[in-house]
Amino acid sequence: MSAPDEDTFAEEGGEMEELGEADSDEDEGVDMEEEGADGGEDRKVYVPGIEPLRPGEELEMDRSAYRMYHECQTGAPCLSFDVLRDGDGESREQFPLSMLLCAGTQADTALSNRLLVIRMHNLHGTEKDKEGEESSDEESDDEDDEDEDKKPKMELAMMAHYGGINRVRVTRRGEQSLAAVWSEKGQVEIFDLQPQLEAVHSSAAMATFIKQQKEATALFSFSGHMAEGFAVDWSPTVPGRLVSGDCKKNIHVWEPREGGTSWQIDQRPFSSHSKSIEDLQWSPTEATVFASCSVDQSIRIWDIRAPPNSMLSANEAHSSDINVISWNRSEPFILSGGDDGLLKVWDLRQFKTGRPVANFKQHSAPVTSVEWSPVDSSVFAASGADDVVSQWDLSVESCDVGARVEGVKDLPPQLLFLHQGQSEIKEIHWHPQMPGVMVSTALSGFNVFRTISV
């Protein structure tokens, strides 16, 4: 679905496109199929990177490979987003589902950017094809009514933000919902999302929000970085504690002050890296410990009680820029992805050896995002500049794998699923309250899906 004018969207909300409505030849899926040039039954599983499509072949989505699939667009593409936790409960699997996201745009001009809060709801699961079934006109009308009831919905509350948004991360601090925003203007800003959250839940609040709409006013901003950056992360153990890193190799830790509207930031940076900081992750268990990765090809572990140098490092962790890292919530593992297309798993108990405990080369272009599953410590996902989202399970061993589809015998047994169809995928996240549900953002918009594999 192409978004209408942004202001119209903010006022009226929108409808998302659901599985099977797109007519594009680039429909999503793994277990994707090739269709013979004659339109016949010459179909087989398509695996990206193994064999290119031949003339006359096109990709067709295998709908049975998804428990849920929806897509939407928000006007200008979003380079980064994060999932806002809601009060609707944990471990939600019953359809229809709903979710809240916070995202930032990368528009053509600095003045056209927006900080978005998105509410997606009435998200139904995929249904089996009804091909070959004959139905009366009356039954068709009933099905049309039912289809209308099952259309996914979206509300969008936007605040104008001067400058493209490089990365967004959200947290809860008491009653506050806060977004930390790294932007191209070289500042890290903190925004209170309460007015936008109220707007996406109430048409009256939305009308008031639109009437009062103006450029976003930051609760707090920090201009102490010497350049713009991408790396930022909220502490999962100390509410309001933040770490940010820039393209000039410096890292700053933010300590929240009383009152919830300001932060104390040490002007002396953590500075063991020699090149741009690409990603930061707090330890899920140690309140003072965080990890970083850099263009200098190293991953470092830091303790904020011992500035300015890192405690541990793997100095040649990848053969080129390391773009992203993710710290496992329940195991001492860090996952990394680099420009070399490699995914590596590091055991912190063996970190000093400089050798990963697992190494996967599935992506044929730089890795753009990685994240461990919040509910299964052996499962993770990654996205790449090859327009693929991959899902993995480290607990799978070669002997566990049954009969494989012809032509895919060379795939690692830990690889669960390859999702396609988006162009220039930038970031992925699992939903922490919905097992197996993933969201991805790309130049072509958002995908919200759950595969049959996770």
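Think of each number as a place in line: the chain as shown, counted from 1.
The backbone N, Cα and C atoms fix where each Cβ goes, glycine too.
Automatic, uncurated: that is what TrEMBL annotation is.
These come from TrEMBL:
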COMPBIAS  1-39  compositional bias 'Acidic residues'
COMPBIAS  134-148  compositional bias 'Acidic residues'
DOMAIN    57-124  domain 'Histone-binding protein RBBP4-like N-terminal'
REGION    1-48  region 'Disordered'
REGION    126-152  region 'Disordered'
REPEAT    270-305  repeat 'WD'
REPEAT    315-349  repeat 'WD'
REPEAT    360-395  repeat 'WD'
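Away from its own ends, the repeat 'WD' (270-305) comes close to residues 229-238, 241, 243-253, 311-330, 334, 336, 338, 346, 348, 351 of its chain (Cβ-Cβ under 8 Å, at least six residues beyond either end).
Listed by sequence, the residues of this chain that lie at least six past the ends of the repeat 'WD' (360-395) yet keep a Cβ under 8 A from its Cβ atoms are 48-49, 91, 321, 323-331, 333, 335-345, 411-412, 414-430, 432, 435, 438, 440, 442, 451, 453-454. Under DSSP, the residues of the repeat 'WD' (270-305) split into helix, strand and coil as follows: 0 helix, 18 strand, 18 coil.
Looking at the repeat 'WD' (270-305) alone, the prediction's average pLDDT is 98.
With DSSP classes pooled into helix, strand and coil, the tally for the domain 'Histone-binding protein RBBP4-like N-terminal' (57-124) is 6 helix, 36 strand, 26 coil.
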